[in-house]
Amino acid sequence: MIRTPVLVGLGAMVPPRVVDNEELSQRLDTDDHWIRTRTGITRRHWAGPGTATGDLAVTAAERALRSAGGGPVDMLILATSTPDHPMPATAPGVAARLGLGPIAAFDVSVACAGFVYALATAAGAIAAGIAERVVVVGADIWSTRLNPQDRTTAVIFGDGAGAMVLRAGAPDEPGALAGFDLGGDGTFKDLALVPGGGSRGRSEPDGAGKPDGTGEPDGMGEAGGIGEADEYVTMRGKEIFTHAVHRMGESSAQLLKKIGWSASDIDWVAAHQANVRILHTVAGLLGIDRARVLIHLDRVGNTSAASIPLALTDAAAHGRLAPGQRVLMTAFGGGLSWGSAALTWPPIQVSDVAA
Ligand code: ACO
């Protein structure tokens, strides 16, 4: 019997501060109509000073563990691109604060596709007998990386965290993950990028070591140093949009073929929540009714690695997901990276995202 990851707990959270389109319109050259019609977003939540990604991750994981009815855990994987520190990883501190004991805990950095990658990593650990019960968390605080002058990124991103508890089980159980498809293309790494804060953009006090923009080591040494703006996320939105539609559509189709499901078998699509137009276009490519696509971004924006578990928690809390229904997850983000996963929905209880 193949050891299969089975979903037994789900939880999520968003920080309390709501930032609506009106608030952004007061300081940026944008307006509620543009944001709603071009993205589908009406508001998002931003963490306040003193709140880090690890804090959101702890609350989401606590809720997922409660939903799972407690029990031991022997691995925690945190998908994030906005960790508490460059080193160490954020996951061990999250596991410690949850009182999970001296377990394996590590971060996975795959931008908005991170949660699907973390799920696949957990599935591999379970299948290989390395872990029995794994907490998988997606958490990001992109509000700390937003250039206050950049209307393109400011309107899209929100902060949040979502978590699942998986246990080793059998493929025919409700909650069983049916399969994965993962992919990436680093030739487009500049489409969504935080230029500074890593080893390529050294921050010597005299300014030496700033990369020259070629992305090659021989560019090191140019004067200028790392400025505040290099710590902000830059995004070529239109190009990302095109890749996102293409890759999520193709990855979903590949996965369905691999596991022998057809588009008409899918009850719900839980896709990365970046832009409602992307979600509707992907549904169209797959031949799935738009009404089957979970929409949560209208209230939380693009929460990056948190967006799929947040959307699922919101839908489950509002009674939209019924046990036995088939759910397709698909995500796309910086890297470029993408991935899809599928499962049959289990009989689990969750509390509201904002509760
Ligand atoms: N308010 C008003 N006008 C705006 C705004 C704004 N907030 N943002 C851009 N515009 C303007 C542009 O300047 C442009 O004006 P122009 O025609 O005078 O030049 C016009 O609107 C159209 O700009 P586009 O970039 O073509 O707008 P588009 O319809 O593509 O929407 C958006 C932009 C929302 C960013 C969209 O491209 C998108 O959602 N892209 C995908 C983002 C994504 O998936 N990100 C996830 C990856 S990031 C990660 O992994 C961390």
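Using N, Cα and C of the backbone, Cβ positions are placed for all residues, glycine too.
TrEMBL annotations: computationally assigned, not manually curated.
The stretch that TrEMBL tags with region 'ACP-binding', taken from the ranges 33-37, 98-102, 273-277, is 273-277.
A coil conformation is recorded for His272 (active site) in the three-state DSSP classification, outside any helix or strand. Listed as Cβ neighbours of the region 'ACP-binding' (273-277) (distance under 8 Å, sequence separation of 6 or more from its ends, same chain) are residues 38-41, 112, 156, 241, 244, 295-298, 300-303, 307-308, 310-311, 332. Of all the Cβ atoms in the protein chains shown, 31 others lie within 10 Å of the Cβ of His272 (active site). When the alpha carbons of Cys112 (active site) and His272 (active site) are compared, the span between them is 7 angstrom.
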